[in-house]
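In TrEMBL this protein carries:
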BINDING   Gly76  substrate binding site
BINDING   Ile176  acetyl-CoA binding site
Amino acid sequence: MNGGQSDRPLVIFGVGELAQLAYYYFTHDSSRRVAAFTVDRTHFRENQCMGLPVLAFDEVDTRYAPEEYDMFVALGYTRLNQVRAEKCLEAKSRGYRLATYVSSRSVTWPDLTIGENCFIMEGNVIQPFVRIGNNVIIWCGSLVSHHVEIDDNCFIAAHAVISGHVKIGAHSFIGINATLRDKITLGERTLLGAGALVTASTDENTAYLAASSQEAGVPSYRLQSLL
Ligand SMILES: CC(C)(COP(=O)(O)OP(=O)(O)OC[C@H]1O[C@@H](n2cnc3c(N)ncnc32)[C@H](O)[C@@H]1OP(=O)(O)O)[C@@H](O)C(=O)NCCC(=O)NCCS
């Protein structure tokens, strides 16, 4: 496996939920120590997060120099991961190497190819011959089957099933519980809503949304014998 595994201490970009989770996972399940958080000066509110200092991004290198510290950009999927991708570029241009985390509670194999600024949470099953690009977040409990290729800047929510030989184009968002049949290709910036079932390749900039369950018109108390 590759993708920036190292003992170097870390500065996390962001202070939101994902940043707090990143702090927790890196702290409890990696060899890295989180030293500080950083946010854009326009977003600066508190000077501490999780008991650690928060610095404005424009001055973070004065105390946490890129020669000594790596960075992890902990932003979500806003604008199909564009915001996170841009911040990764900015951090790299400031000289930071970007850290990748793969949960020890996921199943992976030694040949996994994975880029920088990836975050793979617990309970994922990632089979052999998988390639994951840069800046890919995979939440918990998904199957990434053999020979799958995931391009840069994607976000895969919990419990997706990605069958063998699927290719996922850059900046795609795969919603919770989505299912992708084998050997298809998702074009760049494909959006799959929660529970989508995709059985054919998609064009770029397309969205696939599953129908939500409808209110059944029968009161829940009439169904209590089922519960
Ligand atoms: C599909 C999804 C992205 C839409 O979310 P949203 O942006 O909040 O959607 P909204 O309800 O505001 O709808 C936006 C538009 O899409 C349309 N739309 C939403 N769901 C639709 C569906 N199933 N079919 C057709 N149109 C739909 C709405 O009518 C609305 O159109 P309008 O602006 O013309 O009224 C969302 O339902 C979803 O599946 N999100 C993924 C959840 C997930 O995986 N979360 C895990 C994060 S870790």
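Every residue gets a Cβ built from N, Cα and C, even glycine.
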Site with most surrounding Cβ atoms, counting all protein chains shown within 10 Å, from the binding-site residues Gly76, Ile176: Ile176
Alpha-carbon spacing, the residue listed as 'acetyl-CoA binding site' to Gly76 (substrate binding site), which is rounded to whole Å: 14
